[in-house]
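Student: Handing you this structure, nothing more for now.
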């Protein structure tokens, strides 16, 4: 009984005719791109800038350090500063025993903007209320000489050059009860406020990098699809079909609409950027499991082949997209919102994503093992498996390195004029900065965008039709050429035309 032939192998790929030297050149190119992006990231500008302001050095000194009011003027900003964070560190006289205790504090914050006189080219010092007064009760942990970071305000987007904040505390004065030999538990000696915002130099670098990557991905998509225009869609290989899908999604990953976030106050633009990145990641995960499984099977029905795999990758996509919509909208609408305040939501979302990720990893490893076991002895399929596995492993390693940079190396933001020591400025995993900042270093950004774009472009090159593809496609069933130009599928599953010729007439 004849086994049906996989007709998707009709278009010979450039990969089949590449020598070891050419394959080594591609891997060397990826290594060079990785090195360049890493060097650019290490030498690039800081993602964030920060300025520290001491309450004792304010022009309008507060009457009581435990209450305020503290009138704070933010540094000059522009629309390319993207976002502004304001937080506070309460310094106290350290008791000898270093007693740890909690303090319930009610914070009142007023946000103003300074108006500008265009005729005199100077600030008028007239304050305009941007929001109604904000009241929030928080529980503060105090140990040693500095209490935990107290998050106050997060502004996005930046619509004004100058912002003025009026901060008042209620509850610190009531926490100064006597302890021991008359020493107060919470004797506030000063309050240090931190302004943090995106570096405009990094914003320019991000805009230029996204534009360059988008241009390269667009050119790659046009060239790849043009090379396949001479072949019917049914004759494309599985790799060629998915690469044709990944290239447009890569263009969305680079997001040509990203600059719109600097010209609009809507949260939709930022949310779409998250959706585009999540969609590309899901398509890439789907590409891997479909390809490793598709090499072993000919019949790829929607219900039996694609639907189970779609369920594995679509579920985390829906989870992330819903979470991104909720968090992005709250960040734009609520100036006192930050992710670390809503720990249960983050825990549930993270647990769901981890569960889906573990399921995907198990399925992928099983498919890879079975693919190498069943097809590893075939020359063409063995080459396809080894190249895809090597390139994908390199991509995963670099992305993991970028994630490691977020939590390991760049754990300290440079705050100008800060009096806190290095350990106190180090951000913990529960700090708002860990989850609120899109990037914490230029290296993290450059590594991800560099390796992802290089990976898909390399796939487009090696999976594009070979130079003799048209000739081999038209004459591949000639008996004198079928064994030379045919792939593993031709040899295993036979040729359609040859089978018809050998079929007896009735």
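Cβ coordinates come from backbone N, Cα and C, glycine included.
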Student: Which residue range, 426-444, 445-463, 464-482, is the one TrEMBL calls transmembrane segment?
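Tutor: Transmembrane segment, as annotated by TrEMBL, spans 445-463.
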Student: Between the candidate ranges 184-203, 244-263, where does TrEMBL place the transmembrane segment annotation?
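Tutor: Going through 184-203, 244-263 one by one, TrEMBL gives transmembrane segment for 244-263.
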Student: If you check TrEMBL, which stretch out of 3-22, 23-42 is marked transmembrane segment?
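Tutor: Matching range for transmembrane segment: 23-42.
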Student: Taking pairs 6 or more apart in sequence, does the count of Cβ pairs under 8 Å between the transmembrane segment (385-409) and the transmembrane segment (23-42) hit 3 or more?
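Tutor: By the criterion, they touch.
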Student: Have the transmembrane segment (207-232) and the transmembrane segment (445-463) got at least three CB pairs under 8 Å, pairs 6 or more apart in sequence?
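Tutor: Yes; at least 3 Cβ pairs under 8 Å.
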Student: To the transmembrane segment (244-263), which of 306-326, 346-373, 445-463 is linked by the most Cβ pairs under 8 Å?
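Tutor: If we count Cβ pairs closer than 8 Å to the transmembrane segment (244-263), 445-463 scores highest.
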Student: Under 8 angstroms, Cβ to Cβ: which one of 275-294, 306-326, 346-373, 445-463 has the largest number of such pairs with the transmembrane segment (23-42)?
Tutor: 445-463
Student: Under a Cβ pair cut-off of under 8 Å, which of the recorded stretches 306-326, 346-373, 445-463 contacts the transmembrane segment (275-294) most often?
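Tutor: By Cβ pairs under 8 Å, 306-326 leads among 306-326, 346-373, 445-463.
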